[in-house]
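Beneath this line is the structure, given in structure tokens, with notes to follow.
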Amino acid sequence: MSSSIFTPARPLRVAVIGSGPSGIYAAEALIKQSQVPAEVDVFDRLPTPYGLVRYGVAPDHLKIKSVTTLFQKVLSDTRVRFLGNVELGKDLSVDDLRAHYDAVIYTVGASSDRRLRVPGEDLTGSLSATEFVAWYNGHPDAAARTMLLHAAGAAVVGAGNVALDVSRILAKTAGELHTSDIAAHALAALEHSQVKDVYLLARRGPLQAKFTTKELREFGELEGADVVVLPEEIAVSDEDYAAITDNVVRRNVDVLREFAAKPLAGKPRRVHLRFLVSPAALLEGAAGHVGGIKLEKNRLDEEGNAVGTGEFETLDVQMVLRSVGYQGVALPGVPFDDKRGVIPNTAGRVEGRSGEYTSGWIKRGPSGVIGTNKADSVETVNTLLADLGTLTPAPGSSREAIDALLAAREVDVVTLSDHLTLEAHELAGGQAAGRPRLKVAERGAMFEVIRSGR
Ligand code: NAP
């Protein structure tokens, strides 16, 4: 089959599953190329587009979220449609997609989290950063969760940017949070938070930390919290410092040294950035609740891996958030590599499948910033374009046919226009409250707003 079968009257029709950054960048790459006329339907199981930009990026990092202006431009192109509230495996199957599209790109990200695998991990008060982030960002799946913030001590396990995000949100004052787009239920709860000490626990040293300097520096600017760094835990010899080749790592060490040297100002909260410690166990307090965390001190072996020293200490914490990485989840009917948590692929082409592709975290694993997904999706689209001659066109494929199928299944599809109604509502609510936005978190409430605009 030659690529010339796709014409302006019968363009290449692609379904993108997931409207986060990698999905939007894939749609953009498809409409920007000039090899073949293309039409893209971008699906999402949620009623809102943009995935982790809406539900992952920290609420006080509003600048990062401005990328949605570009994303909205992509979804507004006449060749692109947004079909929200449509779930693969529930409302549509892979067979349905193959019957209606010439190609499918899976861009569903990594929605689950990794575990610590230590005793006590399932005690009340121990949860994943993913759950906590979903809660404060107003994710509909987490809207009803009650977060117990009576803890005086909170431990955040991990040394990536997500660990910094959750530690910072726990340490910020209500006034600081007010200027963010944090969900109203989370703002109300955090206003009454009893947290005094937040411990970020890195299992390795400052040279191995995954976080970036800009995010680390923000701890020096907190209104209501001092930063505590133990000089002995960030010790780097002159020789090792001179050997650092990565600028981010060097700047991280510089900032940590500044923090360690700075006298405490006596602010009401403290963020302790701890290194070379691993949780050995979460200790049970009253009524099945976390009552402490037992840490083992580590040293680094020659490969830079953390090795326990047999020396332990206990921290007085009542809340533990594990922030040790996201984890991809298998899609029904799509090949999956359980060990790596990704869809097995070569340059985006799903292994063993023709016409099926993948991009983003579910393709390469949960790493990189939003922009990383642009190059990743361009690679996938280039792979798809190189395969054009081998694609089997879906007979009878059209927008009308997929719309009719979803209507017959009584799926209440959310369009871009619906999304813009919700967006306008949230921004107007924000303006009235003197906040950047008032997020609607609960699904039913979202649909109430959406229907009012139809
Ligand atoms: P990450 O950067 O991969 O960090 C995961 C951290 O967990 C690492 O420090 C890792 O330490 C640690 N870890 C893993 N298993 C552990 C265990 N069993 N015990 C103790 N520590 C353990 O992941 P992330 O923080 O979830 O972030 C995901 C991606 O999103 C990253 O690329 C990140 O930069 C990006 N992101 C960016 C921003 C931003 O730009 N502002 C914000 C949020 C997220 P080891 O190195 O020792 O394995």
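A Cβ is built for glycine as well, from the same backbone N, Cα and C atoms used for every other residue.
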Legend entry - One of Ser19, Ser22, Ser398 listed by TrEMBL as binding FAD at the site of Leu52, Leu88, Trp361, Gly368, Val369, Ile370: Ser22
Inset, instruction - Output, ordered by sequence, the same-chain residues six or more apart from Arg204 (NADP(+) binding site) with a CB under 8 Å from its CB, or 'none'. - result: Ala159, Phe275, Leu276, Asn298, Leu300, Gly304, Asn305, Ala306
Inset, instruction - Pop the Cα-Cα gap between Arg203 (NADP(+) binding site) and Ile370 (FAD binding site) into the table, whole Å please. - result: 26
Legend entry - Where the C-beta lies under 6 angstroms from ligand 1, the matching binding-site residues among Leu88, Arg203, Glu215, Val369: Arg203, Glu215, Val369
Legend entry - Distance [Cα-Cα, Å, rounded] between Leu88 (FAD binding site) and Glu215 (NADP(+) binding site): 35
Inset, instruction - Going by Cα-Cα distance, pick out whichever of the binding-site residues Ser22, Leu52, Trp361 is nearest to Arg203 (NADP(+) binding site). - result: Trp361
Inset, instruction - Sorry to bug you, but what's the C-alpha spacing from Glu215 (NADP(+) binding site) to Ser22 (FAD binding site), rounded to the closest Å? - result: 23
Inset, instruction - List the same-chain residues at least 6 positions away in sequence whose Cβ sits under 8 Å from the Cβ of Leu52 (FAD binding site), in sequence order, or say none. - result: Gly20, Pro21, Gly109, Ile370
Inset, instruction - Using C-alpha atoms only, work out the spacing between Glu215 (NADP(+) binding site) and Val369 (FAD binding site) and round it to an integer in Å. - result: 13
